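Student: From TrEMBL, here are the annotated features:
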type     : residues  : note
TRANSMEM : B:12-34   : transmembrane segment
TRANSMEM : B:46-65   : transmembrane segment
TRANSMEM : B:91-112  : transmembrane segment
TRANSMEM : B:118-140 : transmembrane segment
TRANSMEM : B:147-168 : transmembrane segment
TRANSMEM : B:188-209 : transmembrane segment
TRANSMEM : B:221-244 : transmembrane segment
TRANSMEM : B:273-292 : transmembrane segment
TRANSMEM : B:304-324 : transmembrane segment
TRANSMEM : B:336-358 : transmembrane segment
Amino acid sequence: MKKKKWFLLFVIACLILTACTEYRVLERISLVTLIGYDVEDGDVTATSVVRQINPEFESSIEIHSETAETSKGTRVKTDLQSAKKLMAGQLRVTLFGDDLAKEGIEEAIHTLAMNSEITTSIYLAVVDGKSKTLLEGQYPNIADVGQHIFNLIDHNINQQQMISSTLHEVVRDIYASFRDFALPKVKKSGEYIDISGIALFKDGKMVGSLPASDSFYVLLIRENINDGTLQLVLPGELAESSKNPPNYQPEELPIAIDAIKTKRDLKIINENEIDLSISLDCRLLEIHSSLAISDKKITEKIEKEINKKIESEIERIIKYSQEVNSDIFGFGEHFYAFTRNSKLTEEKWREIYPNLKVNVKIDTEIIRSGVFE
Amino acid sequence: MKKTLSISESELINAPLLFFIINACQIGVGIHGFQRLIYQDAKQDAWISVIISFIFAHFIVFIMIKTLEMFPSNDLYGIHQEVFGKFIGNFFNLIYIFYSSFAFLVVLKNYIEVINVWIFPNLSATFLGASLLMIVIYAFNGGFRVLVGICFFSFICTLWVPSILFIPMEYSEISQLLPLFDNHLKDIIKGAYAMTFTIIGFEIINIVYPYVKEKNKVQRYVHLGLFATLLLYLSIMLISLTYFSGPQLEKTIWATLNLFSIIKFPFIERVEIITICLWMIIILPNLCLFAWSTHRGVIRMVNISSKKFIWIFSTVMLIFILFIKSRSQINHINNIFSHFGFVVVFVYPLFIYLMALIRNSFLKRKRTN
């Protein structure tokens, strides 16, 4: 009996003591929350935002920048600079300078995807300029630039103001044969950081960009959305048709709408033609007070004008993506999925896409217009 | 040694428990990354391969139980000895013993590899193996009924998997399943063949059968258990096919774990790490029952106490783990095992069924003469 007890004690001791094989005490590590990559004469420059937890004081933010041949090499160099072990498990955003983005980020993304320490839910974005200058800039109102950029991207994606760019989605699209990906673009503007647009990629290389105001349309073409606000400028003649025409005759009539529910529908007509119809249920947020929006006729007119306007904007955006030959909307995937024995190859789609005819049809319905007429 | 088993009443189990045994034995390490193996052949129709492989498994299990019914109080080892006589029978027994211990090794090594890659890159495989084997030894010494209890817990532990997988569906693209049936039937069957590594485990019925109280209900519960596994595998396959793009899936080694890695809760950000740790409870019945199955075979040839057996067995397994190191070696072994497993689990039962039929009719004729 006694022997058994000792044996049990031995086993318990073994299990409990050896549980400390790999410990990571929060106070003894520093957390990398954001990494920005740039390219400099063929070498990679990694700028990392590192949060250090200190039990006595507030946690501090440090920014390290190192240049090496591989991204892991920069990590080793950064490790040499910092007093605590660097851990990438809390990484939330990875930025790419636009020089690197133009050169191609496929390899950098491959490295990220290989690492089990990093989740696939981190956001990727492109910087207008160098990510080093963005991160090392002085921002009096921003305490933690890493967390700030993450929140900036995160809330805009959640509100469907910006296309989603998690590592998973980018990896999915990068390896998909008939699809290209797009990333949000961030920019330093004075003492603030803005989302400035959308970067379009082709084969992992940045080939063009769209302004941030177009992101609603890009989302509209890509998927079904249920949020996101859009401002439109409609022609001024609409105001004339109101019951009490306003004293002044505006040349333009700005309005703002908010998508409640949209549904995108693609229909293949033939190899080089596709129908894109989007139904858009929206809420009117802002309109000139003189327009009697409860009048059905006027509402219909407004809807028609909105349709026209959105159609032309979408046509412009699709045309631009065709010019740079970057199929960020996944039309190719649709072609492949809905034609039997299509024998579509990546090269063939690259030839078809610039000349693809897309017939855009928008069907807007204003279903709500606030509490005051 | 003795030809028929004498099992005391207290060691018998009720037939409904077979549901948990079959389910727990099938779900193991294969589920972590079976998607890419099947996708390589069957492309977007991989989910059809899953269904086909299960249809085949249902058929094979039916044959297995038919064979076992001819010898109501004997397991496969006993059947071998009865049908082929002592020497040839023992030869087949050796093969089956080898199969069971090989399966044990593969499950153990694959799980250790997952822990090493995802959580503790520097933790030695020997240490992990030794601590896992400790638990196996502890459970094994509890006897067969304890092992069945572990199977039940393991089933409960897999229940949360499908519910949590609804979260990645936010990123699903249904159109990635289309066009349907665009691949050759040959490729889809090839994909079903690649399921072998993931689907095997139900052959444990060969050994468990004599321990079941209500023999007439065996068919029902074994098929139910298989069907439950099919539902789990099929849902994981469908979610993976829509969540990943094809070439990405081909590059993802553990697609199921990658599915978990996008899930984020306010209280726990890395769900996959919890999942991998919990997976120990899921693979435990695999390990225990394969060890037990080896044990049943060994005692027919050597007189050895179960305690002595499990210590020797664990030591041998630990030594083997030391030799398998790199990812490519593991892949190679998995590959060999899945070919070998296909023969033992899917082809061999047909052969033994035929042999048993011939023997029975031969005996009948002899008796009438």
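Think of each number as a place in line: the chain as shown, counted from 1.
Heads up, the Cβ atoms here are built off N, Cα and C, so glycines get one too.
Fair warning: this is a prediction, and the values are worked out from it, not measured in the lab.
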Student: What stretch in B:118-140, B:188-209, B:221-244, B:304-324, B:336-358 has the biggest tally of Cβ pairs under 8 Å against the transmembrane segment (B:147-168)?
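Tutor: Between the stretches B:118-140, B:188-209, B:221-244, B:304-324, B:336-358, B:221-244 has the largest tally.
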Student: If contact means at least 3 Cβ pairs within less than 8 Å, sequence distance 6 or more, would you call the transmembrane segment (B:336-358) and the transmembrane segment (B:273-292) in contact?
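Tutor: Per Cβ check, the transmembrane segment (B:336-358) does not touch the transmembrane segment (B:273-292).
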Student: Using a Cβ cut-off of under 8 Å, list the residues of the same chain at least 6 residues beyond the transmembrane segment (B:273-292) that approach it.
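Tutor: Apart from its flanks, the transmembrane segment (B:273-292) reaches 21, 24-25, 27-29, 32, 100-101, 103-104, 107-108, 111, 114-115, 118-119, 132, 135-136, 139-140, 144, 147, 150-151, 153-154, 157-158, 201, 204, 207, 257, 260, 310, 313-314.
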Student: Using a Cβ cut-off of under 8 Å, list the residues of the same chain at least 6 residues beyond the transmembrane segment (B:118-140) that approach it.
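Tutor: Distant contacts of the transmembrane segment (B:118-140): 108-109, 111-112, 146-147, 150, 254, 257, 272-273, 276-277, 280, 284, 287-288, 291-292, 295, 306, 310-311, 314, 317-318, 321-322, 325.
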Student: Taking the transmembrane segment (B:12-34) as the reference, which of B:46-65, B:91-112, B:221-244, B:304-324 gives the largest number of Cβ pairs under 8 angstroms?
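Tutor: By the under-8 Å Cβ criterion, the transmembrane segment (B:12-34) pairs most with B:221-244.
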